[in-house]
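Here's what TrEMBL has on this protein:
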DOMAIN    A:5-128  domain 'CMP/dCMP-type deaminase'
BINDING   A:HIS53, A:CYS82, A:CYS91  Zn(2+) binding site
ACT_SITE  A:GLU55  active site, proton donor
BINDING   A:ALA159, A:TRP175, A:THR201, A:ASP205, A:GLY273, A:ALA274, A:THR275, A:VAL276, A:ALA277, A:SER278, A:ALA279  NADP(+) binding site
BINDING   A:SER173, A:ARG189, A:LEU209, A:ARG212, A:GLU271  substrate binding site
Protein chains: 2
Amino acid sequence: MITTEQLDAALRTALETAGRGYRGANPLVGACVLDAEGNIIATGFHLGAGHPHAEVDALRRLGKMSPAKARELTMVVTLEPCNHTGRTGPCARAIAEAGIGQVHYAVPDNTAASGGADYLRSQGIQATQLECSDAARNLNQRWFIAKAEGRPFITVKIAQSLDGRINAPDGTSKWITSEASRNHAHGLRSRVDAIMVGTNTAVIDDPRLTARTPTGELHERQPFRLVMGERELPNDLALMQGDDWEQILTRDVHEAIVRANELGFGHLLVEGGATVASAFIAADLADEIYCYQAPLMIGAGSSSVNMPSTSTLSEARRFRLDSASRESLTRLGDDIALHLEPLPRG
Amino acid sequence: MITTEQLDAALRTALETAGRGYRGANPLVGACVLDAEGNIIATGFHLGAGHPHAEVDALRRLGKMSPAKARELTMVVTLEPCNHTGRTGPCARAIAEAGIGQVHYAVPDNTAASGGADYLRSQGIQATQLECSDAARNLNQRWFIAKAEGRPFITVKIAQSLDGRINAPDGTSKWITSEASRNHAHGLRSRVDAIMVGTNTAVIDDPRLTARTPTGELHERQPFRLVMGERELPNDLALMQGDDWEQILTRDVHEAIVRANELGFGHLLVEGGATVASAFIAADLADEIYCYQAPLMIGAGSSSVNMPSTSTLSEARRFRLDSASRESLTRLGDDIALHLEPLPRG
């Protein structure tokens, strides 16, 4: 018989395990499998879109066993198992096929993937929602907001000096941040569906916006390139290599997101420049921020975040170090990197 | 017989131990005591001005022993033992009185406290400079520079938002940083000889500039208050409580330092505002920086560091996380705190 304390402990472990994944088009999810005495015998997590879901990951780590043994097992998962065939098969079916006896989940799934608990029950598996689900809901609070607003999960990248500058008065900025930070940012690019930059950044910096390995090779998965803004673009920009790019003729972030949705993107990375990044932050559309700080003080030049409408401190946007991430405050070469999430809204 | 490898290892341990102290009027120093087989049997460090030196700290941790036993011991210390009676007695004499047989030190002392090695030799103790002293010299590179320039060691404090702002356009700034950051900054105040602020900060913020405990009581040791600038001060400022304050009628940081020297201050804390702090950074007079970052983006308002003469990126001032400190990158409540040292000069 598994006690309430053991379920609570399993949920805490599942929440911690969830933090090993990356935020993005899918929510962070963690799972634990308990034996009949309530000992945790396997954990699993969802690394990100295209990877196995947490439940399937935990089942894989568990290995094969007899149906009688499996029937004694309990799974604790931070989110209701999905009932949806996307890039991976539905988790509810995988759990039923593994023969797990009971499932406890923290947060019900109200998205298109819902119905997992009902499916499990139809297969004779006890599926129960845990009572204390606040932490599990908070884990993905911004993902739920993005879903509720019918838009992609949005990551904003900022690369600045310690004093919040992105260049010197003459425009020099290459490279403010370290090689380790740039490699980290390329990892980000390799996980998103699309990158967005402003027209000025596209023209002035002329970036390729490809996701490259530290040795300069292309990652297997490449982001779509979106350029936002009304400025006319020359025809020979580096980002125009291949067909996977588009200019969105607007300065309005909400209009830009509508188009990103039409194109089917679940995870958008806003790389800048400062005007575009600031517009997303000001509109409360930054679901997470990676802020790379190079260890220098420039003392002049452009600021990383500009919100001209701010007049008093209470209008500032507030964040916290990502509470799920194990690397929310790290060193990247000589730089420091902050992984931030917006504070929950009132 | 102690091997070269054991001496190297002991020096590394002494360097690490040195990092447990605070930078300031005195250099960071660490010491190890080795037995006849080369095992480290005690370590010591110098916490800061007014506290026992590293050698004395190590001897205290060692405890009492017979002269014959003491004679077999070797001390490894990152800096030549002092021969100077300041707030504490000379270390060279303490080592001789403890009856230690041999001393190896990394960096010779060329200050007014020099002569320790000669004194030890005069007492029949082998005193030898270690060959590889670069790391020990780097440990205190800014302290040596301050000494060579005949000026106090200077700590600059910066409290800002993530985007490098110190207030919103309407001037609101109270409190940008967390209670934990403010408590940390009061600890800093309690260790320095004097705090410097600009006249505008003195008038607009009207700070007391006292060092207070988290419960609001005064620390035993209080800093002298220096106000720098030519603006005339009203007679009722909070910092004018008691006699330990002075206005220095200049906008020139070098002139301000001359006066701080005349007043006998070995450790100066520059608290701001941004103009004064920036002037010290621009003049390469910030020997260390504590940068507190509150987790918000303001997007407008004053910047934390302003160096109007910067035109291109190569003119930026470069730092690194303090390599000796165990807490060079930490969380303070919801804030993050960076303890920075300037990169060694060419």
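Note: Cβ is positioned from N, Cα and C throughout, glycine not excepted.
Computed from a predicted structure; not experimentally measured.
Neighbour density around each Cβ, counted as other Cβ atoms within 10 Å, peaks among the binding-site residues A:HIS53, A:ARG189, A:ARG212 at A:HIS53. Taking all protein chains in view, 24 other C-beta atoms sit within 10 angstroms of the C-beta of A:ALA159 (NADP(+) binding site). Less than 8 angstroms from a Cβ of chain B: among the recorded positions A:HIS53, A:GLU55, A:ARG189, A:THR275, that describes none of them. Under the three-state DSSP scheme, A:GLU55 (active site, proton donor) falls in the helix class. In this structure the C-alpha atoms belonging to A:GLY273 (NADP(+) binding site) and A:SER173 (substrate binding site) are separated by 12 Å. Least packed by the Cβ count within 10 Å, out of the binding-site residues A:LEU209, A:ALA279, is A:ALA279. Taking the C-alpha positions, the distance from A:SER173 (substrate binding site) to A:ALA159 (NADP(+) binding site) comes to 10 Å. Mapped onto three states, the DSSP output places A:ARG212 (substrate binding site) in strand. Candidate binding-site residues: A:SER173, A:THR201, A:THR275. Fewest other C-beta atoms within 10 angstroms, A:THR275.
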